[in-house]
Amino acid sequence: MPAQTESKTTTEFKAGVKDYKITYYTPDYKVSDTDVLAAFRMTPQTGVTPEECGAAVAAESSTGTWTTVWTDGLTQLDRYKGRCYDIEPVYGECDQYIAYIAYPIELFEEGSVTNLLTSIVGNVFGFKALRALRLEDLRIPACYLKSFWGPPHGIEVERDKLCKYGRGLLGCTIKPKLGLSAKNYGRAVYECLRGGLDFTKDDENVTSQAFMRWRDRFLFCAEAIYKAQKESGEVKGHYLNVTAGNCEEMYKRADYAVKLGVPIIMHDFLTGGFTANTSLSNYCRNNGLLLHIHRAMHAVIDRQRNHGIHFRVLAKTLRMSGGDHLHSGTVVGKLEGDRAGTYGFINLMRQNLIYRDRACGVYFAQDWCGLASLMPVASGGIHVWHMPALLDIFGDDTCFQFGGGTLGHPWGNASGAVANRVALEACTQARNEGKSLVKYGADIIREACKYSRELAAACDVWKEVTFNFDTVDKL
């Protein structure tokens, strides 16, 4: 059906309700380089056409409302409205469509991820004409992207700060996540760091509870870091979680981390919010702190294939808001993760120029305009047998974040850390020598066991541990 357009400034106002597609479905529209583009997966209600649904999404996420209003005549509607410019069916799915929508850049506040998401996804997901709606991808134009500071430092600066090159980084989340005293917590940190890990981490649940107040934890962790650094000669760190109930308290904790001289802090960016995260990122940039970002609550938003927001969008907006690390799943571990989709979003976290690649779920090319890179963190149910696959999938510019795969070693935390480090270095060396990690990964680990009793013990404990479940959200 040919598009119908209407200029409110030249047409006499008529009260009433009219179809969204009259104004907001514009298949002849030529996308501008300054437009923010969005790809939505739509599932219309029975009897509702995809054109009407796509137009409704464009309207409700920009200038439209459910009825004609006379104040439309006081502005240039054609200048400010969102436009559904293309709709395509989803292959293999019944009654699902991808709607492509263009938004004028004037609709968004500069440097505000909060405003961007409030506009695009803030209200339209509850629209009754849709059974389900999912934001699959965004294209951020260069002129808008340049209003964001992005990550505090980025991968290259982080490696310079740590003086660590040519291999992936290793971390460990301290377990049990809740219940330890600050002193015992610090002891666990020390054992992991002296064994060969680069980082240890507060779990996202750990903030400042009665059994371990934040100030005590910070002190004992700093003591562990300095002791391990002195013994190993390597720079070490612990992700001190500064997430708090208000921003004033968050800054107080970050200030204390600066006074202690530690290299990195942590924030839960979804539960803490984008406004707090952007503010904390700016603080870290100004005070020389690295910022580790945890994605607690993400699966509530991104796991269902038909409704919500894909993680690639969350990763994109986090790179704009700011962070040096971001948890990104593992594919092979205990958490949800599709291999092709994971390739797509770890590339957009690290690279400067991303090309459209529907095989990896990337709907739009994206030029990051030199914005600093974001290091993926592979975390969740991983152990030494996973190391070849992890290195093959993620490459060197990644932090491999163990938990039980370090602390569950039969000889203790330090031995678990040794096993992790030996496995990583063995796989890195084999890859550098031209061996296929996919084909020979298990053989590489077995060969390394001959030279490390700690790795051999770890391999024996976890030789039959797998997480073979079907992926809910896959391409």
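Including glycine, each Cβ sits where the backbone N, Cα and C put it.
So that you can see what the record holds, here are the features copied from Swiss-Prot:
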type: ACT_SITE; residues: K175; note: active site, proton acceptor
type: ACT_SITE; residues: H294; note: active site, proton acceptor
type: BINDING; residues: N123, T173, K177, R295, H327, S379; note: substrate binding site
type: BINDING; residues: K201, D203, E204; note: Mg(2+) binding site
type: MOD_RES; residues: K14; note: N6,N6,N6-trimethyllysine
type: MOD_RES; residues: K201; note: N6-carboxylysine
type: SITE; residues: K334; note: site 'Transition state stabilizer'
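Shown here: features listed in Swiss-Prot, placed on the structure.
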| residue | record | Cβ neighbours (10 Å) |
| --- | --- | --- |
| N123 | substrate binding site | 11 |
| T173 | substrate binding site | 24 |
| K175 | active site, proton acceptor | 16 |
| K177 | substrate binding site | 13 |
| K201 | Mg(2+) binding site | 30 |
| D203 | Mg(2+) binding site | 18 |
| E204 | Mg(2+) binding site | 20 |
| R295 | substrate binding site | 24 |
| H327 | substrate binding site | 24 |
| S379 | substrate binding site | 26 |
**Study point:** Alpha-carbon distance [K201 (Mg(2+) binding site); T173 (substrate binding site)] in Å
**Key:** 5
Study note, to complete from the structure: By Cα geometry, the one of the recorded positions (K175, K201, H294) nearest N123 (substrate binding site) is H294
Point to revise | From recorded positions K201, D203, E204, H294, the one whose Cα lies nearest K177 (substrate binding site) | key: D203
Revision key, fill the gap. Here the Cα-Cα span from R295 (substrate binding site) to E204 (Mg(2+) binding site), rounded to a whole number of angstrom, reaches 9
Review point. Expressed to the nearest Å, what is the distance separating D203 (Mg(2+) binding site) and K175 (active site, proton acceptor) at their Cα atoms?
Key: 8
Revision key, fill the gap. Nearest to H327 (substrate binding site) by C-alpha distance, among the recorded positions K175, K201, H294, is H294
Revision key, fill the gap. Recorded positions K175, E204, H294 vs S379 (substrate binding site), shortest C-alpha separation belongs to H294
Point to revise | Alpha-carbon distance [K201 (Mg(2+) binding site); K175 (active site, proton acceptor)] in Å | key: 10
Study note, to complete from the structure: Surrounding the recorded Mg(2+) site, with Cβ no more than 8 Å from the Cβ centroid of K201, D203, E204 and those residues left out, we find T173, I174, K177, D202, N205, V206, Y239, N241, M266, H294
